[in-house]
Amino acid sequence: MRRGFGPLSLAFFLFLLALLTLPGDGNQGSVAGSCSCDRTISSGTQIPQGTLDHIRKYLKAFHRCPFFIRFQLQSKSVCGGSQDQWVRELVDCFERKECGTGHGKSFHHQKHLPQASTQTPEAAEGTPSDTSTPAHSQSTQHSTLPSGALSLNKEHTQPWEMTTLPSGYGLEARPEAEANEKQQDDRQQEAPGAGASTPAWVPVLSLLAIVFFLTAAMAYVLCNRRATQQNSAGLQLWYTPVEPRP
């Protein structure tokens, strides 16, 4: 008789089955069993800041594989050790939807949020509104963003992002903008009316010319037909045969 599977063989078989059917994280859109890597970064390797920023920006999904984590980008995949600091930061950043493109919101949009929040207290100077709420939201956003995102915000700050408008600027400029828009509408309405008066005679003259031409052609055809009929009648009378006398 054949011997059955022993406990060790059964345990090894179950372990292989568990590795093959290891489920992925559904929130990150990972595919079960897709642990192939285009590039593997060894543990302890110093990653350039530009490479890390590129992964943050184009990260679409990640998959938890045995002993490492696979990050899926737009055109390739990058793998790193699950215990590495940069790997854990990327996973936390993607789970909080602060980086990557898999959420329908790019990292480029997220990294400009602190500048937008800092404009609120400056634009609200001179108004009786409470400034504690913008400060609280600013501190909350700074605390939720990772350290790499804060450094990127400092590096990529543009001069136009820090410009502030004086209070009441929109209220004063709005009537002038409405008046200018109204004047432009009036000019656009007057221009077609003035230009349409002269070309209005063109189709009328063309129509009259066509009617005159058709009338002359019909008169010519009728005159020719009548003259032809008269000539044929005269010929018939001229060549009328005479019956012989008996």
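Placed from the backbone N, Cα and C atoms, the Cβ positions cover glycine too.
Candidates considered were CYS65, CYS79, CYS93; the recorded disulfide partner of CYS37 in Swiss-Prot is CYS79.
Out of CYS65, CYS93, the record in Swiss-Prot bonds CYS35 through a disulfide to CYS65. Fewest other C-beta atoms within 10 Å: among the disulfide-bonded residues CYS35, CYS37, CYS65, CYS79, that description fits CYS37. Here the Cα atom of CYS35 (disulfide bond) is found 9 Å from that of CYS79 (disulfide bond). Secondary structure from DSSP puts CYS37 (disulfide bond) in coil.
Distance between Cα atoms for CYS79 (disulfide bond) and CYS65 (disulfide bond): 9 Å, as a whole number.
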